[in-house]
Amino acid sequence: MNEGEILFQFTTWLIFLISYLIGSIPFGLLLTKLAKLGDVRTIGSGNIGATNVLRTGNKKVAALTLLCDILKGTLVILVIKFLTDPIENNIFISLAGFFAFLGHLFPVWLKFKGGKGVATYLGVCLGLYWPAAIVFITAWIVLFLITRYSSLSALIAVIITPIFVHFSYPYLYAHCILVIMSLLVMIKHHANIGRLLVGKESKIGTQNGGK
């Protein structure tokens, strides 16, 4: 391996590390503390995501948490797209988004106990291939309006989105990474799935349990 290849490998992994660290920023925890709403990990499901932040009763902080968690996935990809050829480096761009997603799920700052990845998943879709984000949002909204279950809406959305990408986006690497991300979201929702199956999952607006 020559000097140029070593530098390339170092730069690549450095970018992946930075992407992971950006994804690891626990906005739900930070914003609730800044708003003096307490530790979101002691509220509802104990999750640091926007749905659980909403259970504090502060819709503005919940919305800001959602936006920040989405942007973690989007900005990482858009910056790299701006600096490189988005077609030639599609796998590199996809992996950077994946590392940001992993950071949200397993943040080093919180002993690797993070969120469930739904918002950052959406952010990666938005940065990588915006029509996928539209499909995700549409699926989530339709399911939520029907069921009022945030968790179920997210689970259906992460199933539909990779299927859409498979038939509409030409880059296999991105599709494979999106499938892995969908599986991780499902794994993170294992408790929600259990509650859904026995009819004990809480809907948006309740104060306990849920996503």
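Yeah, the Cβs are placed from backbone N, Cα and C, and that goes for glycine too.
What Swiss-Prot records for 10-30, 63-83, 90-110, 126-146, 152-172 is transmembrane segment, and it gives sequence analysis as the kind of evidence.
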Q: May I ask you to check whether the transmembrane segment (10-30) and the transmembrane segment (90-110) make contact, with contact taken as at least three Cβ pairs under 8 Å and only pairs 6 or more apart in sequence counted?
A: yes
Q.
Counting CB pairs under 8 Å, which listed stretch among 90-110, 126-146, 152-172 touches the transmembrane segment (63-83) the most?
A. 90-110
Q: Grab the same-chain neighbours of the transmembrane segment (126-146) for me: Cβ-Cβ under 8 Å, and only residues 6 or more beyond its ends, written as numbers and ranges.
A: 70, 73-78, 81, 93-94, 97, 152-154, 156-158, 160-161, 164-165, 168-169, 174, 178, 204
